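Enquirer: Marked as FAD binding site by TrEMBL: 22, 44, 52, 359, 366, 367, 368. The annotation NADP(+) binding site is assigned in TrEMBL to 202, 203, 214, 366. Taken from TrEMBL, the feature domain 'FAD/NAD(P)-binding' applies to 13-193.
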């Protein structure tokens, strides 16, 4: 598909779909390179930028969230334009973007969670961790408030998101009061009845993807005991890297009896996988099966089962991208089909002027900074392609089409008003910021007509 209208050469216009870290780093790489002039429109479904840095990084990790200061500078670059509240597939489609831009970069992330694939998974009280994270992070799309009225919670997962969820459940609400969590979330955590949290890991302690830094944070929680049942903190054999060795040392330190007088407990259970969620009308227990590695190294069940009490089950077993209308998609991997960042069709042929970056390109891996290197790879290919295309800029700017369709984007000035309002709400509560969660209020502050 290459239906764009040509006019005299000028700065190349690039649309970046998504204003999270991948999209912002892509925009930054584009305006930093000096091989040809480029302007960038950041098309973001939400009225605000920063993606998972705003709505995925745990609120009690302010040092990581501080990366927004550098991301804000990208949004403010004179050749970058933020257009919030403009969703791909809703307000604009693939054909629209290819008509109005010289190139399009898809950087919409991997918002879908992977399910457990077990009976009872849809029971009330069994949720994706993404839903819980959206709730405590103040995402405007978050569902109903979580009812934390069960004593036992089970978090299924072996990555840092599982640790974040377990830590937020266990942490005293008073320790979260200065974060940017919405007040209703703080109120719910303050009266939470959850006291026993189990982190369920399908493999051994050496196979987890926890970072040692995040594990050590658990030792610093007031009134929280960390436990690993005796015998479960030993590796299954084979060489260990430094992170695995450091993590094992921590797990072993938690195998003793917890100190008396603790209010809550986090227990790690290894070599166990969930096989069934039970309970009516809501979840009451999780059936788990012991696991082991077979001769080929594949995970297999032993047939030995165990019942864990659970009034709340949160799964954190991976993310996947969602298809974008009309864009070639690898459904097995959950990514846009691509070769190094160039979008390709099912035959492996490049789709002219279409690119991808971030998790939608490589899958959900790495840390925030990984997206910088990923973006640089995509941008290098795009710049080569644009230099080789001597037809000049694509069709007219998208503005007239937006007006024609009655779309009023949240611009940089609108985002600044939202930002200022959140900071003021935080100041009144003695906090750095309090997030605004209501779509209508975000749009109003952003200058979108009612």
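First residue shown is number 1, and so on along the chain.
Cβ coordinates come from backbone N, Cα and C, glycine included.
Predicted, not measured: the structure shown is a model, and the values here were computed from it.
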Enquirer: Taking 202, 203 as the binding-site residues to compare, which has the smallest set of other Cβ atoms within 10 Å?
Expert: 203
Enquirer: Which secondary structure state does DSSP assign to residue 214 (NADP(+) binding site), in the simple three-class scheme?
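Expert: Helix, per DSSP.
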Enquirer: Of the binding-site residues 52, 359, 366, which one has its Cα closest to the Cα of residue 202 (NADP(+) binding site)?
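Expert: Its closest listed neighbour, by Cα, is 366.
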Enquirer: Identify, in sequence order, the residues in the chain of residue 22 (FAD binding site) that are 6 or more apart from it along the sequence and have a CB within less than 8 Å of its CB; answer 'none' if there are none.
Expert: 51, 107, 109, 357, 358, 359, 360, 361, 371, 374, 375
Enquirer: Using C-alpha atoms only, work out the spacing between residue 368 (FAD binding site) and residue 214 (NADP(+) binding site) and round it to an integer in Å.
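Expert: The separation of the Cα atoms works out to 15 Å.
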Enquirer: Could you say which of the binding-site residues 52, 367, 368 has its Cβ with the most other Cβ atoms inside 10 Å?
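Expert: Top count of Cβ atoms within 10 Å goes to 52.
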Enquirer: If the FAD binders are 22, 44, 52, 359, 366, 367, 368 per the record, what's the largest distance between their Cα atoms, in Å?
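Expert: The widest Cα-Cα gap among those binding residues is 22 Å.
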Enquirer: Hey, how far is residue 367 (FAD binding site) from residue 214 (NADP(+) binding site), Cα to Cα, in Å?
Expert: 13
Enquirer: Around residue 214 (NADP(+) binding site), which residues of its chain at least 6 apart sit with Cβ under 8 Å of its Cβ?
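Expert: Sequence-distant Cβ neighbours: 160, 163, 164.
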Enquirer: Among the binding-site residues 44, 359, 366, whose Cβ has the fewest other Cβ atoms within 10 Å?
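Expert: Minimum Cβ neighbour count within 10 Å, taken over the binding-site residues 44, 359, 366, occurs at 366.
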Enquirer: Could you tell me the mean pLDDT over the domain 'FAD/NAD(P)-binding' (13-193), as a whole number?
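Expert: Across the domain 'FAD/NAD(P)-binding' (13-193), the average pLDDT comes out at 96.
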Enquirer: Cα-Cα separation of residue 44 (FAD binding site) and residue 203 (NADP(+) binding site), in Å?
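Expert: One finds 38 Å between the Cα atoms of these residues.
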Enquirer: I need the CA-to-CA distance for residue 366 (FAD binding site) versus residue 203 (NADP(+) binding site), whole Å please.
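Expert: Here the two Cα atoms lie 20 Å apart.
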